[in-house]
Amino acid sequence: MEPGKKDYIDSPLRMQPASLSGASTPTIDLDGLSWPCQGTQRRIDTAEEEKVKKISNAISTILECLGEDPERQGLLGTPERYAKAMLYFTKGYEQNLTEVINEAVFQEDHEEMVIVRDIDVFSLCEHHLVPFIGKIHIGYIPRKRVLGLSKLARIANMFSRRLQVQERLTKQVAQAIQAVLKPQGVAVVMEATHMCMVMRGVEKPGSSTVTSSLTGIFQRSHKTREEFFRLIGKF
């Protein structure tokens, strides 16, 4: 790939993925924020054993650079365990909306707000590869179509199981629901504690970051936004 060239098509609508040759499964993302790059497709096509071996070798090198002995008893299995853990923490790269939704969209004559709050999420900051942990609150106002409630949590999990920044994660969840249901609007609020602010840097335990992403009527109507924030018990 040429330096600076994107692996996705950043069209005006930003809804068209770049074609990936040899793709065995569609990987769906939104808004050009996390389109699968060539490395993502390689991950999907590479055998699990090979991925674990490559990551394990890299971790052994890191341990040596830290002044440790990867061959000592306490660390003998650490590189392989870490490799398997990282593949699990980032399994969202191998998931897509079609599989996550699994046709759980239903016709329903309901046009009032639907909210699922306090969804626990765990992700990895893409800047330091350390965790951020928090909760997501999701609301939407249907337009004759509703989504199975568990699917809202599964969408949040799919995007959180990638290397992320909180702002992008919040926006991706909102845009995914908007794309799937085409409702009157979607509201997503996320609160999280970032270990990169707790364990290093400013070292401020107890601090939290709040982000939001609003579409449709939640953007246009102050009253609707206010109702959502009141119902999730925030602000």
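Placement of Cβ uses the backbone N, Cα and C atoms for every residue, glycine included.
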Can you identify, from 1-27, 55-81, the stretch that Swiss-Prot calls region 'Disordered'? 1-27
Say we define neighbours as other CB atoms within 10 Å of the CB. Which of the binding-site residues Cys125, Cys196 has the fewest? Cys196
Other CB atoms within 10 A, centred on His128 (Zn(2+) binding site): 15
Cβ-based neighbourhood (8 Å from the centroid) of the Zn(2+) site, residues Cys125, His128, Cys196 excluded: Leu124, Glu126, His127, Leu129, Val130, Phe132, His194, Met195, Arg200
